């Protein structure tokens, strides 16, 4: 039985990447050391981390005036690092279109009680369980504000922000954790991009930060570990980095490039997600909660049946058939198919076949 992993993260990795990692696990490039053992100060790891940055810059078209930093703590730590480093007593706007955007805003509010800055909720769709991307008038934004924070893909709710809104000249910071390298964005549209690795980049443990040089703090922050300038000046080696996660990320970047880059990934993702959305839309048994079809995520597709009991039955039977981790997030229920870059089109085809059978037996 073929297993298809629909996990929202940690997520499926490309099979060629896993095979190469397996081959280098015991003896990395003739060093007689496992890649798990090489020192982060060694030539071997220097080649790994520089190669990872080089491939990422090429894939995303990252300009020279942006720094790439490999950090720890997940994307969630960035919810604190961003205001600590960048807010500096100014206003900071938050566009909240999903649960993770809400967490970023909530963390900012918490920090503002001890650090001088003013987090402002710019727009939110929480009142309708984030089933659409909220709009705002850029004139509402103070042009002297530190930043506007957005989330480009909402893994739980299944929406995406494809067109970056105008912000009255204020720098845009994006949490791109779940659709980085899956959808093409212009890096210059953002002052900073950050992404946890465990969806389209690699295993959990490393967070990629792409930050324009003029956004990097000159004054020290509360902690050296949380200081973008210190981390950037140390070339991501202020302390021991998550070396193996960076190694896998490099292999994933190589794999993406070998298949044609981000353009090819987006094309494949549109094909995969389109198959599933088309079937759901044609069915009276299944439904997708996203109000605006143009805002539907290519990477995370939530859906439900006609009642919660059948949702539970679907998850149980799907899991038994090899469709793993298809249960929806605990906050919304139902099901969720996460179709990241490494997820095969054949898995979508077979899921749809199962959905048809389940509908015929339970409608």
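Yeah, the Cβs are placed from backbone N, Cα and C, and that goes for glycine too.
Bear in mind that the values here come from a model prediction, so they are computed numbers and not experimental data.
The L-glutamate binding site annotation in Swiss-Prot covers 41, and the record cites sequence analysis as its basis. Among the features that Swiss-Prot reports, pyridoxal 5'-phosphate binding site is placed at 75, 76, 100, 155, 175, 198, 239, 240. Feature annotation from Swiss-Prot assigns N6-(pyridoxal phosphate)lysine to 199; the stated evidence is sequence analysis.
Calculated from their C-alpha atoms, the gap between residue 198 (pyridoxal 5'-phosphate binding site) and residue 41 (L-glutamate binding site) amounts to 25 Å. According to DSSP, residue 76 (pyridoxal 5'-phosphate binding site) sits within a helical segment.
You'll find the Cα of the residue listed as 'L-glutamate binding site' roughly 9 Å from the Cα of residue 240 (pyridoxal 5'-phosphate binding site). The C-beta environment of residue 199 (N6-(pyridoxal phosphate)lysine), restricted to residues of the same chain at least 6 apart in sequence and closer than 8 Å, consists of 8, 9, 11, 155, 177, 178, 179, 180, 299, 338, 340. Taking the binding-site residues 76, 155, 198, 240 in turn, the residue surrounded by the fewest other Cβ atoms inside 10 Å of its Cβ turns out to be 240.
Counting every protein chain shown, 9 other Cβ atoms lie within 10 Å of the Cβ of the residue listed as 'L-glutamate binding site'. For the recorded site, residue 100 (pyridoxal 5'-phosphate binding site), the DSSP three-state label reads helix.
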